[in-house]
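Notes follow the structure.
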Amino acid sequence: MLSFVIRRLAVAIPTLLILVVLSFILMYAAPGGPFNSERPLPPEVLANIEAKYGLDQPFWRQIVNYVVSVVTQFDFGPSFQYKDRSVNDVIAQGFPVTLTYGFWSFVVAVTVGVSLGVAAAIKQNSWIDYFAVGVSIGAQVLPNFVMAPILLLIFTLWLGWLPGGGWNGGQWQFLIMPVIALSTSYMASIARITRSSMLEVLNTNFIRTAIAKGLPMRRVIWRHAMKPTILPVLSYLGPAFVGMITGSVIIDVFFSTGGIGQFFVNSAFNRDYSVIMGITILVGTLTILFNLVVDILYAWIDPKIRY
Amino acid sequence: MLPNRAAVEGAADQMALAEVKGRSLWADARIRFFRNRAAVISLIMLGLVAAFALFGGMLAQYEPDFVNFSLIGSNAYLGVPSIETGHYFGTDSNGRDLFARTVMGTGISLMVGVVGALVAVIVGTLYGATAGYYGGRVDGAMMRIVDVLMSIPFMFVLILMLVIFGRSIFMLFLGIGLISWLDMARIARGQTLTIKNKEFVEVAVATGVRPSKIILRHIVPNLLGIVIVYATLLVPNMIIFESFISFLGLGVQEPATSLGALINEGSRTMQFGFMWQISFPLFFFVVTIFAFFFVGDGLRDALDPKDR
């Protein structure tokens, strides 16, 4: 097991480095620097500013400096646009928000999705099965950027129950719509995967044996069927995580929740490279770590995996 | 003792009949597909959407980028959908004909989806087939690259690229092309692993056919079924992907438009009661995605040997 974790880490770390270097090269290749504005600065001033941000040094020196400061101090450097803040400040401000509703969306997607899928599989061809299948098909065509306006229309404009946006320290009224909008399509996918996986498992010999020897159904499901059922769901969690973290951009823009997505899009329009890079690297790191955890969990649950 | 002559002839007739009835894999799949009512209806819907995108422009009374200045600011009563004014779907908040713009948006969204799927089919299939066929260390290295690329949140990298190199439809296609083939490569590789142990590949190897030719002539055609299925399922994902970027305002640029951009514009004005500005693009978006998913599911049931 330990050697598996180490081997998996040996892939994750170079991946991260590639991401850092790749985004730096992209930024370096950008035509025009961040300080080329419509009113050109006097060359002396420009030279001073560039010296301050280290932009006057040769390419390899800049990249080494950047990578070293990112890797050793988690320092993404100063923001080019917000003069009084560093990229770390921006992330520190936005990330807790993203983490809060992201966490709840993930919890909702997994718990509701898995229970819906299991219920549908156990009571196949009952109303709950049709309901689950209907929901999962319907939600497939409702990605977050379609869900968000629809929710806003219903709950804020028509019913007036929920605030149309903002964060307000993460009060529950402000959390509901972001969480629903972000989790729905993943909830649907998880429900569908769970259902088909559970149906497959319930048809296997060892489940038949368990039922035949008189175990109560509850115990068969929980002790025997659940573990193999959850494996395909587990391997879907990686892509779902990527999707959700990407979707958080939409949530932030639409509900003005103030997460990192909002900074990301603002920076994208203002060419604030250092913020974009910082967030890209942060998100990439999270994704890679999450995939690592999923892989380890998978190897731990599934006895057939050799490592 | 000979068996009854008539019985023998009858049996022969039956055998002949059975031979006539013999069906190819594709004919079989076609029959299975057309038995699936949801898939057939979706296929028809898809045809209608495509026809709308291709020929809708002829029905439109206005050009998609024609601004009717007299309508700006009086959208609520002059821009409503009506037959008389020729604005079948009403106008958008800039006084442009929404029908013409929806036609254009549907077309661009469909094009994005199809191009993404095409890249996936060509690059992904060849990549996966090559990795699977050679196996061993080559396979390990090639698939490791796919793993690495898959664990990068590409939406962020793509947005970074759009910002740096400027927003254009070319960059959008490039970005979509960069990610769409990854899944397909994995699927193609998995299938190739089973195909390459079949006798006909062995024969080809024994007779000295070059590996590149084996891959192109013997393996890829056998991958076709599963490739078609996943390409169909990939199209809606690519449309969603493009709409996501356009929704943020980073994708297709004015005066061109896509369904995602139209939904974005519509969602900004729905609070003022201009419901038609979001509902028409949303309707076409949902119908297109739905139809592609159902057709893909139908194709999978018809072609995927695993599910038989």
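Cβ atoms here come from the backbone N, Cα and C positions, even for glycine.
Taken from TrEMBL, the feature transmembrane segment covers A:9-30, A:101-122, A:142-162, A:174-193, A:233-255, A:275-301. Residues or ranges marked as domain 'ABC transmembrane type-1' in TrEMBL: A:95-298.
Sequence-distant residue pairs (6 or more apart) of the transmembrane segment (A:142-162) and the transmembrane segment (A:233-255) include at least 3 whose Cβ atoms are under 8 Å, placing the two stretches in contact.
Only sequence-distant pairs (6 or more apart) were considered; of these, at least three Cβ pairs between the transmembrane segment (A:101-122) and the transmembrane segment (A:233-255) are under 8 A, so the stretches are in contact. Scored by C-beta pairs under 8 angstroms, the transmembrane segment (A:233-255) has its highest count with A:174-193, from the stretches A:9-30, A:174-193, A:275-301.
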